[in-house]
Amino acid sequence: MTENIHKHRILILDFGSQYTQLVARRVRELGVYCELWAWDVTEAQIREFNPSGIILSGGPESTTEENSPRAPEYVFEAGVPVFGVCYGMQTMAMQLGGHVEASNEREFGYAQVEVRTNSALIRGIEDSLTADGKPLLDVWMSHGDKVTAIPSDFVTVASTETCPFAIMANEEKRFYGVQFHPEVTHTRQGMRMLERFVRDICQCEALWTPAKIIDDAVNRIREQVGDDKVILGLSGGVDSSVTAMLLHRAIGKNLTCVFVDNGLLRLNEAEQVMDMFGDHFGLNIVHVPAEERFLTALKGENDPEAKRKIIGRVFVEVFDEEAFRLEDVKWLAQGTIYPDVIESAASATGKAHVIKSHHNVGGLPKEMKMGLVEPLKELFKDEVRKIGLELGLPYDMLYRHPFPGPGLGVRVLGEVKKEYCDLLRRADAIFIEELHKADLYNKVSQAFTVFLPVRSVGVMGDGRKYDWVVSLRAVETIDFMTAHWAHLPYDFLGRVSNRIINEVNGISRVVYDISGKPPATIEWE
């Protein structure tokens, strides 16, 4: 009998904070399963989920407004620990008899809170001490409103000069509220506070580990599909690759992977995918060379969004044709991950944040009577990578920089032509190779090359040439929502430029993109 890794679970109610997914990831890092739901859930839904504890997230609304979101009353009647973060603390305080007021000044950034009373939430946790020996905690604040009176059965655990109730607690009911964000790295002891809540107060065991997740996923796949055949669109990206490895472990040769080579991949990527999954791991793969079909469909198209739609449409057409050629396939597998499915649980009020979906196969074709297998749908990206390592996939593949779903189709500006893709592939390979050689690849978050459809005069030997321009792009970011351009060394950039111009016949000029996000986006299209 496989161990139930969902036995202990935390429910996170989302009030719209940009950090809510980070809260969930932190809980998972502690080895505990959690789910992220919109704030307006019903009592019946909470009862059915049967959480060991509940976390109320932050959010952009003001509890002083009449129609601002509130936690369901049952949250405070369920008999489980509750942890309110920022807005979550404010709505907890207000709903349980305290008072919240709009502050004249928004408090955003680093702060030190002074501990007044001991609490199970911060037992043994401190960053420094005051002159008279009281513990201090370095935290990250981000709030406008503040609690001005706590409920009568709560105590003040910690405060700052401007925030009289930075931490409040009702130890008997195991209700806790903090006016800062323990999930962000700027709150130095935040992870330990979350650990106190999840592991000590909620008494959750660390059952959510890569090895146990794999065992659970394999068993669930076998229960779902039995001896049936399954088809998967394998792109060579992280999600589809880990999905393929899980399915292969679960059902072996009953899995058929379809690899569509659209001509928009990185240098030698098609060969690498076939070698790794076909020859090395022994998966059953159908290789579909479709470069000409994609490039024909893209001919004459300059609009980025139109190019994305064309690439997506042609991929589905090619994949469907291959699927129909296979006999007795009853299941379609997809590399859907947890952020992809959060949107479906978003509140109809629009208060909960919406997560952009990833590029998957695009849904089941109407003619195909197949069931859907999604073994990664409970996992965040970092968890997918960890189980990929456990399954034997190479680190360099799992942790390489993001590559857009449409591939080079959106890194060749304007019309996509084979000539442009071939030049871009070679230039980009040189850039990435040099980043690795200089030990810079893992010091930037994403790096790539863009093909610009403009010609520039160059000099080679005694002659002049009139060839194409490429731009190098490298950024540093934590969440890809904002990004700084990477300050790569001048001698490094010079070396990359010289290699590209000398080794890639057809490129005469290399430029470096120094735009941040915002105002620019990371990708050019």
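The backbone N, Cα and C atoms fix where each Cβ goes, and this holds for glycine too.
As written in Swiss-Prot, here are the features:
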- 9-207: domain 'Glutamine amidotransferase type-1' (DOMAIN)
- Cys86: active site, nucleophile (ACT_SITE)
- His181: active site (ACT_SITE)
- Glu183: active site (ACT_SITE)
- 208-400: domain 'GMPS ATP-PPase' (DOMAIN)
- Ser235, Gly236, Gly237, Val238, Asp239, Ser240, Ser241: ATP binding site (BINDING)
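This view paints the features noted in Swiss-Prot onto the structure.
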residue : record                   : DSSP (3 states)
Cys86   : active site, nucleophile : coil
His181  : active site              : coil
Ser235  : ATP binding site         : coil
Ser240  : ATP binding site         : helix
**Prompt:** Val238 (ATP binding site) to His181 (active site): how many Å between their Cα atoms?
**Reply:** 30
**Asked** Can you list the residues of the same chain, besides Ser235, Gly236, Gly237, Val238, Asp239, Ser240, Ser241, whose Cβ falls within 8 Å of the ATP site's Cβ centroid?
**Response** Leu234, Val242, Thr243, Ala244, Gly335
**Prompt:** Per residue, counting other C-beta atoms within 10 angstroms of the C-beta, which of the recorded positions Glu183, Asp239 reaches the highest number?
**Reply:** Glu183
**Request:** Find the average pLDDT over the domain 'Glutamine amidotransferase type-1' (9-207) in the predicted model and report it.
**Result:** 93
**Item:** Residue among binding-site residues Ser235, Gly236, Gly237, Asp239, Ser240 with Cα closest to the Cα of His181 (active site)
**Value:** Asp239
**Prompt:** Non-local Cβ contacts of Gly237 (ATP binding site) (under 8 Å, 6 or more apart, same chain)?
**Reply:** Gly335, Phe403
